[in-house]
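Here the structure comes first, spelled out in structure tokens, and everything after it is commentary.
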Amino acid sequence: MGLSALLEPPTFADPSQSRRGKLLYRVLSFTSPLLVVLSAVTTLNGEVELGALYGAQLVVVIIVLALLRRDGFKPAVGLFLLSIWLSSSLNVLSSGGLGSSATGSFVIIVLCAGFFWDVRAALVFVVLSGMAAGAMLVWADALGLASPPGSSMGRYFGELMAQLFTAALILHFALRFIAEAARKEHQAQAELLVRAAQRERDVEKLEALGRLSAGVAHDFNNLLMAISSTIDLLEIEGRGATAEDFGNLRETVDRATRLSAELLCVGRDTARPLSELELDAFVGSVEALLFSLAGEGVELRVELEAPGRRILADPGELERVLTNLVVNARDAMAGRGRMVVSTSLAEPYVCLSVVDSGPGMSEEVIAQAFEPFFTTKGERGTGLGLATCQSIVRRYGGSIELDARLGEGTQVRLLLPLCGAG
């Protein structure tokens, strides 16, 4: 392990322990070289006992650093506090007892215990320091240094205990204030995160609204094109509209009305209810619309080979899927070619497919075909047609498959679960 790695403070799971542990690690990392120097200098100057004391402190520092690196925060802090308490007690004793200025180190130890551990640890060291001071008072009394009663030694003891308890009390309120400030900061950050998440949800809802609106507009445009194609056909043929023509126009307008009504349901979370329908009968009911969408230049065949097979679906949604596929096939052939819309049985599914004789697709296009907003139509496309189809078919428990090769046309297959299957 390199020097830089050794100097890098460890990280603990508890953020509070991590902050305090890093501070203690840095302090002791820079203290250890100083202890090496002090131990060497004092020993060379003939102060062997003091040099040994510095050496012992260095050993303790190394052990504390090792414990911190091994995720032992509390053992490390406990050993650190006990070692400096013991060192301070010996220092006070060797400096003349309770009357020396070294007794102030007990107050520092209490503050360190509260900072690096908690208030209870600070109180423990208040008691330990009081016991050490009491022992020194007894020792002073035994030597006749504290007689008569009320002498300076007794006063020193009282002053020290007052300082220790005052330090513990101040520490208690300071830590409470810090904890409350940290709690408020954490609460404020949590509220900011909640508001940010709410804004993100609002943005997602707006994006979903935009996609749905674009999808409805895309399908609505398909129906308008069917109406326009019928009118163009009447103009080209130069004949008056028949009852059948008016019926087809009325049916297309009704479908457009139902489609536009979907936009009014955007804010509702409930999915459209599904109902049983016979697939062949459904395709037959929209056959005139499919021919109108395909246009004059497309040779369209409808082959229904799944009679009586029923599925669970919403008629309006399934119509959107089928008209999207027919329009995509027509556009791929530039309005001229062959197209087959067919149904077949593929238990436990029924298959609805649209095949065209267009130019097909590359593997790159197939890989992105169902991604929202991906389109090969340029400004004429929204990139939502196949994505919408896939979403609807998946809601029915089915799947949509795309089989295409360059120059060989395209086949889109919908596999829809049969009623009662599975």
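Count begins at 1; order follows the chain as displayed.
Heads up, the Cβ atoms here are built off N, Cα and C, so glycines get one too.
Across all of the domain 'Histidine kinase' (215-420), the predicted model scores a mean pLDDT of 80. Under the heading domain 'Histidine kinase', TrEMBL lists 215-420.
Among the features that TrEMBL reports, transmembrane segment is placed at 23-44 (among others).
Sequence annotations record features per position, and here TrEMBL assigns transmembrane segment to 50-68 (among others). Taking Cβ pairs closer than 8 Å, the transmembrane segment (50-68) reaches residues 9-10, 21, 24-25, 28-29, 31-32, 35-36, 38-43, 75-76, 79-80, 83, 87, 90 in its own chain, all 6 or more past its ends.
If one looks beyond the transmembrane segment (75-93) by at least 6 residues along the same chain, the residues whose Cβ comes under 8 Å of a Cβ in the stretch are 20-21, 24, 28, 53, 57, 60, 63-65, 67-68, 100, 102-103, 105-106, 109, 112-113, 116-117, 121, 125, 128-129, 132, 136. Per TrEMBL, transmembrane segment is recorded for 75-93 (among others).
If you look up TrEMBL, you'll see 99-117 (among others) marked as transmembrane segment.
The feature transmembrane segment is assigned by TrEMBL to 122-140 (among others).
The annotation transmembrane segment is assigned in TrEMBL to 160-179 (among others).
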Within the same chain, the residues 6 or more beyond the ends of the transmembrane segment (160-179) and with Cβ under 8 Å of it are 98, 103-104, 106-107, 110-111, 114-115, 118-119, 122-123, 126, 129-130, 133
